[in-house]
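**Student:** Please read through the structure below; I'll follow up with questions.
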């Protein structure tokens, strides 16, 4: 019985450490063009918000508008280099395809619906940088809510 409890404790600790590590990662840092886009915008990794900060919405209250805009410009740069965006316009179909490929989401998955909702909510925004950050924040927040609801189920 002690061994079983120890295994559960170790599993819970590893799961928590993994989730904490992901939330500490910088938004977009897993993508190929991250460093290029940082350089193009004169930013460093320290200037970019963490996934946890964005998914919880803390980035909106903890940072100045210029920091929000700069982070958005890096997101837009990566989306554009990946062919998902041109200026302030999304390629919605390609964005869905890439999202499905990246997440392994299946038809009917709530994450795809969340992406569609986030694209719809931001599609008329004119500033490409603000639009990109708000889209990324919307998707990350939706994923966090969906993950929390599936853990409680």
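Just so you know, glycine gets a Cβ as well, placed from its N, Cα and C.
So Swiss-Prot has the following annotated:
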- 37-77: disulfide bond (DISULFID)
- 73-129: disulfide bond (DISULFID)
- 118-138: disulfide bond (DISULFID)
- 1-19: signal peptide (SIGNAL)
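Surface or core, plus neighbours and distances: that's what I need for these features.
**Tutor:** Around residue 37 (disulfide bond), the same-chain residues six or more apart in sequence whose CB sits under 8 Å from its CB are 28, 74, 77, 78, 81, listed in sequence order.
Residue 73 (disulfide bond) has a Cβ environment of 21 other Cβ atoms inside 10 Å.
In the shown protein chains, 19 other C-beta atoms lie within 10 A of the C-beta of residue 138 (disulfide bond).
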**Student:** Might you list, by sequence position, any residue in that chain lying six or more from residue 129 (disulfide bond) with a Cβ less than 8 Å away from its Cβ?
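**Tutor:** When sequence neighbours closer than 6 are ignored, residue 129 (disulfide bond) has 69, 70, 72, 73, 75, 76 within Cβ distance under 8 Å.
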**Student:** Tell me, how many other CB atoms lie within 10 A of the CB of residue 118 (disulfide bond), whichever protein chain they belong to?
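**Tutor:** Counting Cβ neighbours of residue 118 (disulfide bond) within 10 Å gives 20.
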